[in-house]
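So that you can see what the record holds, here are the features copied from Swiss-Prot:
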- 39: active site (ACT_SITE)
- 88: active site, proton acceptor (ACT_SITE)
- 39, 226: Mg(2+) binding site (BINDING)
- 40-44, 52, 57, 85-87, 92, 207, 213-215: substrate binding site (BINDING)
């Protein structure tokens, strides 16, 4: 009985604190585009003494879905999840990569049922199963079965910021005559040819696990982004952590490089 009572009190305190944080947020200054770097899944699996690293990836994916719901509750327009980098594809062992691919495929299926989904990244080196899942997302998005107000979710899979910029420049070089290139290679043209062309840059980038770096994530688009680094590992992310990040953003005065 004592344990149940303690849990009930803890849950009540948590709910009260969450409402308090929500009340402190300036709802007139919310980010239009939030990005989440999901990090710490493997460390979480080791910390929890799980037999399989994939348990950490699956727990992190579940928390990413929670994160999307939290963003949707605040009417945030665009959310980007950094799920799989080019470096992950190159450096993870085969078994872990296979498990991770299955987790991401399940995540894609779940997310695409509720929100508009874009793939941000290259399909070139993706495992066939993952490539097919992303192709399925393209087809479902084309059916226009989502409302105009539906949140857009970008899934950064097979993503590298350096590769993205390189590919954008190549597109431009292959599109225009050599003599026109000096005038055509502008910030606006490069932005339009990125994987995220046509979408706004992230206003707020959140990273879990205590690491304070971007890890090749949107180096071009994050020029004027605000950053919020959390100590919590990906699977341990809580709604109050999210609300603190949003509260912090909502009271900042952004300089945009001025």
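Backbone N, Cα and C define each Cβ position, glycine as well.
Looking only at Cα atoms, residue 57 (substrate binding site) sits nearest to 39 among the recorded positions 39, 88, 226. The shortest Cα-Cα distance between residue 88 (active site, proton acceptor) and any of the binding-site residues 42, 213, 226 is the one to 42.
Between the C-alpha atoms of residue 44 (substrate binding site) and residue 226 (Mg(2+) binding site), the distance comes to 26 Å. In sequence order, 31, 203, 204, 205, 249, 252, 254 are the residues of the chain that are 6 or more apart from residue 226 (Mg(2+) binding site) and have a CB within less than 8 Å of its CB.
Note: the CA-CA distance between residue 213 (substrate binding site) and residue 39 (active site) rounds to 11 Å. DSSP assigns residue 226 (Mg(2+) binding site) to a strand.
The local packing around residue 40 (substrate binding site), expressed as other Cβ atoms within 10 Å of its Cβ over all shown chains, amounts to 24. In the three-state DSSP classification, residue 213 (substrate binding site) falls within coil.
Under the three-state DSSP scheme, residue 57 (substrate binding site) falls in the helix class. A count of other CB atoms within 10 A of each Cβ picks out 57 as the most crowded of the binding-site residues 42, 57, 92, 213. Sorting the recorded positions 86, 88, 215 by the number of other Cβ atoms within 10 Å puts 86 first.
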